[in-house]
Amino acid sequence: MRDSNATVVVSGTTNVDTFVTVQNFPQPGETTIAEPGIEGLGGKGANQAAACAHMGVNTVLLSAVGNDPQGELAITELREHGVNTDYIVSSRQPTGRAFIMNDPSGENIIIVTSGANELVSPAQQRETVKELRRQGPVPIVLAQGDLTPEHSAELPKLVENSDSRLVLNLAPVTTRDPDLLAAADPLVLNEGEAAAVLDAAPGTPIEELLDRLRHIARSVVVTLGQRGAMIVEGDAEPVHIPAVYVERVVDTTGAGDAFCGTLAAALAQGENLVDACTLGAAAGALATQKRGAAGSYATENEIRRLGEA
Ligand code: ADP
């Protein structure tokens, strides 16, 4: 059942990304000249919030930016994507930045400065979520792995004793706190992250990973790039969600974030986990057809047309 009043709360990072293409990566001590870079919204929280808002769901991002031009750019772009930025805190630290250097083969080197994201107050976020619950239902709280350890440790408290469900995309794997993992429903990981959470050897078969993951979270989704995704819920047999075939992949940046934001939105719209992942896979596939992250995200109509085909 679709509740147009329902809100997804995203507790996550906001960055401004700068992309520069170089012919060859500089060696230590070397300077490389490049064309002026492209700047745009980034950070896993912001990207996933944008993907969620593209599904037509009320989306509130709880995050922090600096009192600087990058903070203004991030807020402007988030609003253009339809994200509610009213609760984004202005911090004395600069806005988080990611500097992404690509070479012509598509290989990249990335430097991230967390900046304002480090000063987010989990206690303040808990108060905000309480306030939002007074305004209407908050069926989903969505969070990612790129938070400070203190912030991640507080996430279970954002959903405890409430009707909210925590969708946790533990990317990167910065913690294995059992209480946090147990609160996730679902825990969303790619194959490498699934192995890392379990401390399993790289190359461990997916069946073995899923059998172990089912014991650590209420439900688990493992995304497998162009092979789609696997879902395990309790003792049930794993379910495979096929990927949508894409003839020409342009850029896979942000496909995982599109998948997670769309999955959270679809759950908030009342879809079950399998249907929500099917829509997530459609959004992920569409995101590979354009360059960049949030700027490459499709509309609800495009996603549903592909996901329900
Ligand atoms: P991450 O970027 O976090 O590693 P994945 O690469 O697994 O995540 O991508 C997330 C989802 O996006 C996949 O489960 C799949 O549904 C979709 N996707 C990613 N790459 C492709 C692709 N090349 N073709 C079709 N769908 C894709």
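Yeah, the Cβs are placed from backbone N, Cα and C, and that goes for glycine too.
Unlike curated entries, TrEMBL annotations are predicted automatically.
Annotated in TrEMBL:
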type	residues	note
ACT_SITE	Asp257	active site, proton acceptor
BINDING	Asn15, Val16, Asp17, Gly43, Lys44, Gly45, Ala46, Asn47, Asp257	substrate binding site
BINDING	Asn190, Thr223, Leu224, Gly225, Gln226, Arg227, Gly228, Gly256, Asp257	ATP binding site
BINDING	Asp251, Thr253, Ala287, Lys290, Gly292, Ser296	K(+) binding site
DOMAIN	7-296	domain 'Carbohydrate kinase PfkB'
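Here the features listed in TrEMBL are painted onto the structure.
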residue: Asn15; record: substrate binding site; DSSP class: strand
residue: Ala46; record: substrate binding site; DSSP class: helix
residue: Asn190; record: ATP binding site; DSSP class: strand
residue: Gln226; record: ATP binding site; DSSP class: helix
residue: Asp251; record: K(+) binding site; DSSP class: coil
residue: Asp257; record: active site, proton acceptor; DSSP class: helix
residue: Lys290; record: K(+) binding site; DSSP class: coil
residue: Ser296; record: K(+) binding site; DSSP class: helix
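Among the binding-site residues Asp17, Ala46, Asp251, Ala287, Gly292, Ser296, the ones whose Cα sits within 10 Å of the Cα of Asp257 (active site, proton acceptor) are Ala46, Ala287. The 6 Å Cβ screen around ligand 1 retains nothing from the binding-site residues Lys44, Gly292, Ser296. The binding-site residues recorded for this entry are Asn15, Asp17, Asp251, Lys290, Ser296, and the Cα of Asp251 lies nearest to that of Gly228 (ATP binding site). Between the CA atoms of Ala46 (substrate binding site) and Asn190 (ATP binding site) there is a gap of 19 Å.
Counting other CB atoms no more than 10 Å from each candidate's CB, the recorded positions Asp17, Asp251, Asp257 peak at Asp257.
Comparing the Cα of Ala287 (K(+) binding site) with the Cα of every entry in Asn15, Asp17, Asn190, Gln226, these being the binding-site residues, the smallest distance points to Gln226. Look at the binding-site residues Lys44, Lys290 and count other Cβ atoms within 10 Å of each Cβ; Lys290 has the fewest.
Each of Gly12, Thr13, Thr14, Leu41, Gly42, Gly96, Ala98, Ala293, Ala294 belongs to the same chain as Asn15, Val16, Asp17, Gly43, Lys44, Gly45, Ala46, Asn47, Asp257, is absent from that list, and has a C-beta within 8 angstroms of the C-beta centroid marking the substrate site. With a cut-off of 8 Å between CB atoms and residues at least 6 apart in sequence, the same chain places Asp251, Thr253, Gly254, Ala258, Leu286, Ala287, Thr288, Gln289, Lys290 near Ser296 (K(+) binding site), listed in sequence order. Close to Asn190 (ATP binding site) in the fold, though at least 6 residues off in sequence, lie Ala171, Val222, Thr223, Leu224, Gly225, Gly256, each with a CB less than 8 Å from its CB. Distances between the Cα of Gly292 (K(+) binding site) and those of the binding-site residues Asn15, Asp17, Lys44, Gln226 are shortest for Asp17.
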